[in-house]
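Following: one structure in structure tokens, then a few remarks.
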Amino acid sequence: MRKKVDERIRTLIENGVKARHRSMFVVIGDKSRDQIVNLHYMLSKSVVKSRPSVLWCYKDKLELSRDSERILGNTFGMCILQDFEALTPNLLARTIETVEGGGLIVLLLRSLSSLTSLYTMVMDVHERFRTESHSQAAGRFNERFLLSLASCKACIVMDDELNILPISSHMKSITQLPVREDSEGLSEAERELKNLKEQLNDDFPAGPLIRKCCTMDQGKAVITFLDAILDKTLRSTVALLAARGRGKSAALGLAIAGAVAAGYSNIFVTAPSPENLKTLFDFVCKGFDMLEYKEHLDYDVVKSTNPDLKKATVRINIYKQHRQTIQYIQPHEHEKLSQVELLVVDEAAAIPLPVVRSLLGPYLVFLSSTVNGYEGTGRSLSLKLLQQLEEQNQISSRSAETAVSGRLFKKIELSESIRYTSGDPIESWLNALLCLDVATSIPNISRLPPPSECDLYYVNRDTLFSYHKDSELFLQRMMALYVASHYKNSPNDLQLMADAPAHHLFVLLGPVDESKNHLPDILCVIQISFEGQISRKSSIKSLSSGHQPSGDQIPWKFCQQFGDTVFPSLSGARIVRIATHPNAMRLGYGSAAVELLTRYFEGQLTQISELDVEDVPENPEVRVIEAAEKASLLEENIKPRSDLPPLLVPLCERKPEKLHYLGVSFGLTIDLFRFWRRHNFAPFFISPSPSSVTGEHTCMILKPLNNDDIESSGSEQLGFFNHFYQVFRKKFTEYLSGRFRQMEYKLAMSILDPKLNFSDVDDPSPSSIEYIKFVIENQVSDDAMYHFEAYTNNLDDYQMTEGFGNKLAEAYFGEKIPVTLSYAQASVLLCIGLQGKAISCIEFILKTFLATEFPTKTSVYLSFYENIVTENFAIVLDEVGEAADIVFIYESHEEVLQIPMEPHPISVEEDLNDAVKQVKDDMKSKLDGTLNPDLLQQYAILDKEAEFENALQNSGAKVLSGGLFSVKSNRNKNDKHGKEIEKQKSEKKRNKHDNSSKSNKRRKS
């Protein structure tokens, strides 16, 4: 039987084709698949070009998510999502993103007696959310998804006979759109792009590459990249920011092709995984095609042989001009960038900020980052790194000196989508549903109260995901803090927050003014997951099989590390995330939230009278049967629930769960570790190998809570966990010479947290003495002891102490040798004794700590190390009795610096005056000796005055105006000749002395 189709369906399809916007249809019923042909026919009649291609997604033996990765980068005219229970937020976003403007998204649902039955539908992903003690998953995400369909302007919900349901009542007033094209069938944006291509047609390499651009934004981005490439100063950093589907990777690929044409030889590309670079390398090859490069003649593409990477491209070798290479490297391999000319970092937001910083250097750098989208990640890149680069660029532009040598920074933002035009209603709906665009609207904080005035509140998830207006605003603000933090985010995290039975949310708020009708500012968000309460039988089974079930990360890892089957039965909470507002970083709000959470689970915030009050369950059962009896699908009107509890609950009004510990699992960095260590968390596991993406080791830490169920020593801060912590410290000390040999000494010192001050200990304990005796007698050879003792007496080189130095360091960090050392001394002992590093490591440490006191000479560093081992060795020998007669006198660097400085009895001025007086006296005594008449007599004229006058008269000489005249001497020739002979002899002696001194100098040289 033929039936006329509702005109609103045809109008929605035609309007989408005219505006290049996508449309969505939700078809409910067992015969919903039969309507796919009709919808495809209506779309084909509206589209002028060829028949639209179809992507049909359904659940088969393989998981849908595994096959969905194949469609990335492809474009379809129609997408059909068949099995609703197999959908996840990631899959929803990934598949919808492949539909072009004017295309259709069709969601097929089986027969439902009521739309509200979606609230209790069991989703496939719920299996991963269940644990042994928390097995009831909620359907909050489905409830919010269904309610959001009513607000989507381009969505129609209908049954399998194409009858529009009341939830799509907003479609009553839909009208046809006018055509917005010129005589050539081009929109305004398409006309601008065509003019740009014609303008650059004769430019090389810009002209051929611009012809592959699809939007004006993408064309401008490629031109900016090429300008930096052709500048060839290698001092530019260009950052490209955009949402998903804007053509970032394509623009980077075209720019790399332009760099090859410009003669760049060494180009490196990095991303979290080479699979992320599929589109980039595809467009590098398309750029080569436009530049008339031929594969196998001018270039070769090298695929990965790793089966996990699915034959992803890892290198392109080019031979046309000269040897050129485009090489993929992992993000943490920054040491390979010594010869790089151009570095391209794709999806930089998915790489930890310290790793991105280590990649930057004196070469051309292109950064690409997703602002939001289904693979959007932490915004720490754009919030911190790009802000710093902009500030440095402004400073260098103001200074004339650095304007020439400083780095240039440019930022490009893409707003136009490749597949559809701006203003697409499906994009707006999807962004709001999955909180994809919250990064651009992080709320400002009106006031930063002191942390002591802030309170922690429990967030009711039923109200948070109810799709009320205020609840939606609060949810968007919470997700904005997640995205602004260092965490990697994905839409699936939203479903985990909503449906996982073990997960709970807390927010730190300032003082709330109830008279003002607005939501308070969120200073900090904490997401926790309850773990533990695992039966002993399950623990033994897991240990014997080596298989760890999903969830309960800390109990299973603890059980695996220590073989303890009792710990998994304890109840605990793992802090999954803690995110502070970006404008309130390092102000103590995160610490305040952790302290309040600890006090809450220890029962310090809840009044005694309220401990026995029964809590209202967070997710009361939805009575679907009653709702179905009241109305059919064609009459049912879906609205947000009204009988909801308050969104925020003060902790003093909620009964806390009974927990034995708090735990955290995170990527190990020194800042994060020190933060948790300040709150008395202690580690029990560090992964032996770092992550291939982040380069960080996974670290798990614990903090025991005060609980009456477990007896522990009151003097031990870590309670029952102290024994396991000491076992971990011993293992970690041994691993420092192997798997953790390259770990930074500051981080290793923070993990070991050794006791450095033993001033309260007079003598080693008997157990310490027995331990040292055992080590010397059983683990250290006589030869090693001999060399160590010889080194302390300056009779051997420090390299000869390795045999005993390692055992000595292990004993010290195990608190077996009660010697007080400074932090610098302990760091030196760790680097040389435990990690086996060279003396250059000591140089670095001492330059850091003692640069103002010590000159930078290797001999000083060696003497510093010698002082350390001398003091330790003296203690060892004295206590063990191996050499009781040896006494070492040692003053540490601190003791030298603490010598009392007394004023000199004579002032500087008096001292200088005395010295001046002494010099004058010496000069006077010398002068008096030179003016002695007896000494001057040798220069007297021998003739008498009468004879002198007579000589003047006889010679007839006249006195000239100058008063000078000459007379002949009366000396005989023999006297003159004798004096000449004496003069010649003295000259010969002087020449002989000079020649002998010169020969001596030659011998010395």
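Using N, Cα and C of the backbone, Cβ positions are placed for all residues, glycine too.
Caution: TrEMBL annotation is automatic and unverified by curators.
Annotation source TrEMBL lists acetyl-CoA binding site at I578, A579, T580, M585, R586, L587, G588, Y589, G590, S591, R678. Every protein chain shown contributes to the tally, and the Cβ of R586 (acetyl-CoA binding site) ends up with 9 other Cβ atoms within 10 Å.
Look at TrEMBL and you will find 972-985 tagged as compositional bias 'Basic and acidic residues'.
Here TrEMBL flags 1-159 as domain 'TmcA/NAT10 N-terminal'.
Look at TrEMBL and you will find 240-437 tagged as domain 'TcmA/NAT10 helicase'.
Per TrEMBL, the feature domain 'N-acetyltransferase' maps to 477-706.
TrEMBL lists 720-951 with the feature domain 'Possible tRNA binding'.
Sequence annotations record features per position, and here TrEMBL assigns region 'Disordered' to 963-1005.
Sequence-remote contacts of a segment are chain residues at least 6 beyond its ends whose Cβ falls under 8 Å from one of its Cβ atoms, and for the transmembrane segment (250-269) they are 204-206, 209, 212-214, 218, 221-222, 225-226, 229-230, 232, 240, 277, 279-284, 286-288, 290-291, 318, 321-329, 336-337, 339-344, 346, 366, 368, 414, 418. Among the features that TrEMBL reports, transmembrane segment is placed at 250-269.
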Site diameter for acetyl-CoA, Å, by largest Cα distance between I578, A579, T580, M585, R586, L587, G588, Y589, G590, S591, R678: 17
Neighbour count (Cβ, 10 Å) for G590 (acetyl-CoA binding site): 21
Integer mean pLDDT for the domain 'TmcA/NAT10 N-terminal' (1-159): 85
All-chain count of other Cβ atoms within 10 Å of G588 (acetyl-CoA binding site): 14
Fewest other C-beta atoms within 10 angstroms, as judged across I578, T580, R678, which are the binding-site residues: R678
